[in-house]
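Engineer: First the structure, then my questions, so here it is.
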Amino acid sequence: DFSKAMSQAGPSQFQEVIRQELEYSMKVELDKILATAPSNELEHTKKDLEGFKKLFHRFLQEKGPSVDWGKIQRPPEDSIQPYEKIKARGLPDNIASVLNKLVVVKLNGGLGTSMGCKGPKSLIGVRNENTFLDLTVQQIEHLNKTYNTDVPLVLMNSFNTDEDTKKILQKYSHSRVKIYTFNQSRYPRINKETLLPVAKDVSYSGENTECWYPPGHGDIYGSFYNSGLLDNLIAEGKEYIFVSNIDNLGATVDLYILNHLMNPPNGKRCEFVMEVTNKTRADVKGGTLTQYENKLRLVEIAQVPKAHVDEFKSVSKFKIFNTNNLWIALSAIKRLQEKNAIDMEIIVNPKTLDGGLNVIQLETAVGAAIKSFENSLGINVPRSRFLPVKTTSDLLLVMSNLYSLNAGSLTMSEKREFPTVPLVKLGSSFTKVQDYLRRFESIPDMLELDHLTVSGDVTFGKNVSLKGTVIIIANHGDRIDIPAGAVLENKIVSGNLRILDH
């Protein structure tokens, strides 16, 4: 009798019974969903739901933050190498043979919703009408032409971005880059109260679009392996992938890092390299590399016990953060995937659906797997290799004369006197790309800018120049139009266009 058994059970047994009940209920619901899959989707759906079941099982097992703060140590000196040291080794004569072992993988699962765009984020125009995807293809094509090599591009799409991306890929059919795609898994969102899937069947169109989600970029290992593409690339003699977010415009192929991987100075190859860079005040939430139980380990802010969050954010104690530019050995992914030995912490991401229902989605992050690989290494790279475009404030920087564009790569203009990027904060009137573009007749000259804050209903005329610290605040109901040709240097502009010296 269940109730009698429960009355005699201790707290841990009680929790175990509850956990088994939840797992059983989840299995029943997933079986019902699987039964609705059409025959041509059956195998694929089955793999997705199996992967989800494993993740859900782990989610029920784990309690509280997944790191013991007392065990966290600073990484040993040689486990994070300065980029200058790697670059100082120079390049071998046969750089083409090294490049031919490389595959570039871009994480292309995200939508442009945070910038008010429909469809894949990679299709947003970032510079001279070029999209993130255009710039990526141009970079790799330039490499292949310069060194007469065959570096392919692989896009990890999600069910949200796959169709639109594939339509666009036709325009590159004559470019000198082989492009492959595979899809991330599709997992069901979980009702926060019942811990059961929100979805009732496999469809993900119409009202069902909100029932499913792609489970974070940690899914790359399983999906890449399951797609068959991993084996095909190994068979072609490829040895390493360079993985990065498609919206990080600084993540270009670095020949010095590649050479260090292929020709290590001590003869022992790294299976996993993470590019890290120095934190600024803007990066205090970024994941950091630590030494934990004699392994390099990525620790994210969500894993840190509440009492230690301020310590984690300290720029003096944890000086670096993960750029998510990663170099990983293909053979190692295959070995670990076949042993089911890739261990990544679960990220529980709470969401509220349009109808107000609270759900959670279980995700993993690609860099968290570093502790599962042998002989891992961090490389402290220049900040220029981390140039993410997450908001229109970032977009303003990369569209401006701070950067010049050459063969798909953005480099900081030599005319800028200091190496740091200005801090730009555009208010909510600029959040959506189409609103942002409407408010700038042309992108201002920002070569001498340190800090820009804009709030409220503000528009910029042509050929405006911004220098030093510029703060423009239109009060509610007011509008400020910065006239064409205006030069604002250390100015505060507020109310209805009153220009004051700052």
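Using the three backbone atoms N, Cα and C, a Cβ is placed for every residue, glycine included.
Dumping what TrEMBL says about this protein:
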type	residues	note
BINDING	Lys121, Gln184, Gly216, Asp247, Lys390	UTP binding site
BINDING	His217	substrate binding site
Engineer: State the Cα to Cα distance, in Å, between Lys121 (UTP binding site) and the residue listed as 'substrate binding site', rounded to an integer.
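Structural biologist: Answer for this pair: 15 Å between alpha carbons.
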Engineer: Show which residues of the chain containing Lys390 (UTP binding site), separated from it by at least 6 in sequence, have their CB under 8 Å from its CB.
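Structural biologist: Set apart from Lys390 (UTP binding site) by at least 6 residues yet with Cβ under 8 Å, we have Ser114, Asp247.
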Engineer: List the Cα distance (Å, whole number) between His217 (substrate binding site) and Gln184 (UTP binding site).
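Structural biologist: The separation of the Cα atoms works out to 8 Å.
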Engineer: So how many other Cβ atoms are close to the residue listed as 'substrate binding site', meaning within 10 Å of its Cβ?
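Structural biologist: Step by step: centre on the Cβ of the residue listed as 'substrate binding site', count other Cβ atoms within 10 Å, giving 24.
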Engineer: Determine the most Cβ-crowded residue among the binding-site residues Lys121, Gln184, Gly216, Asp247, using a 10 Å radius around each Cβ and all protein chains in the structure.
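Structural biologist: Answer by Cβ density within 10 Å: Gln184.
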Engineer: So the record assigns Lys121, Gln184, Gly216, Asp247, Lys390 to UTP. If I measure every Cα pair among those residues, what is the longest distance in angstrom, as a whole number?
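Structural biologist: The widest Cα-Cα gap among those binding residues is 21 Å.
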